[in-house]
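Written out below as structure tokens is the structure these notes cover.
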Amino acid sequence: MVDIDSETLFTVAAAAVATVAAVIFVLSVDFGHSPVSEVALAAAFLAGVFALTQRTDDRQSAVLGYGVVVVVSVALFFDVVNTFDVGDLPTVVGLLCIAALLFWLRTRLDERSRFTTGTRARNVFAVVAALAAVVVVVDVATGGLAYELRPASQVEVPDAQRDRVRVATVTASNPTPLPERVDPPRYEACAAGNWSAFEPPTEPDGRRRAVRATLDVQAGYDEYVLGFGAKTYPVELYLDGANLTGETFPVRTTADCPDEETGSPYVAVFTAPDDAYGGPLTVTA
């Protein structure tokens with residue numbers, strides 16, 4: 001039976017819990033800001049753990065600390081390559097480089113299983129933590145992406161009525177020096193005015209069916225805009241009605257879906273009132 005004293009148990013448990021917490025933060029927590037801020041915070045954590053390993057006289061604590069650093073560093077590597085979708089080949093090359101680095105680092109250990117002095121490691125941690133704080137403050141202070149919706153003046157329904165047609169564009173502008181994740185506001189459209197001539201056939205029970213309009217912003221999953229850059233995405237419209245092929249309708253931006261049912265038919269485009277995720281919006285008519 002293995003004889004494990006209380007000190008060893010608590011040391012191993014602390015290392016395991018710290019590793020799990022850091023890996024969850026790196027891989028699963030939606031930080032809500034630039035991925036660079038997340039990397040900076042993780043780097044500060046790693047520098048802090050490394051500083052502890054260089055200042056302790058307990059060899060076991062140092063070994064466990066190295067384990068925390070290695071596991072969290074690999075998790076951070078996977079988070080970065082997945083965030084920016086670098087592909088399989090760069091991922092494999094990166095892992096091989098990490099393996100080579102680890103193999104080389106073992107030759108740098110002294111007889112006390114240390115890489116450097118405790119004072120120098122503490123100074124490195126202080127510098128990394130200060131840089132991480134600066135990055136986070138800059139990220140939070142400069143805000144996220146700004147979105148600008150630019151609708152077309154009119155839209156023509158294509159011959160294949162089931163096809164979608166471009167009705168607007170959304171430009172995501174990044175005023176910050178850090179890359180930011182694209183998460184546009186939720187836009188909606190509705191058929192305003194008198195659309196009685198284009199209503200679909202009635203329901204079997206005689207109820208009328210209204211013309212439905214659906215918008216879709218063609219922004220890719222997990223896309224990012226680099227610092228001070230911009231990206232433009234098409235906004236496509238689908239109209240569900242009858243006798244629409246070849247018809248042309250005006251497009252207007254509104255605060256919400258108008259309840260008017262008289263006058264010429266038009267497509268109203270607006271930001272969904274319950275949206276809680278998009279950045280500041282500017283609508284250009």
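Backbone N, Cα and C atoms are what each Cβ position is placed from, and that goes for glycine too.
Note that TrEMBL annotation is computational and uncurated.
If you check TrEMBL, you get these features:
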TRANSMEM  9-29  transmembrane segment
TRANSMEM  35-52  transmembrane segment
TRANSMEM  64-81  transmembrane segment
TRANSMEM  87-105  transmembrane segment
TRANSMEM  125-147  transmembrane segment
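Using the rule of three or more Cβ pairs under 8 Å, pairs at least 6 apart in sequence, the transmembrane segment (9-29) is in contact with the transmembrane segment (64-81). Listed as Cβ neighbours of the transmembrane segment (125-147) (distance under 8 Å, sequence separation of 6 or more from its ends, same chain) are residues 33-34, 36-37, 40-41, 43-44, 47-48, 50-51, 170-178, 180, 182-185, 225, 278-282.
Here the transmembrane segment (35-52) has Cβ contacts under 8 Å with residues 18, 22, 25-26, 29, 61, 65, 68-69, 72-73, 76, 79-80, 83-84, 118, 121-122, 124-125, 128-129, 131-132, 135-136, 139, 178-179, 181, 224 of the same chain, all six or more residues outside its ends.
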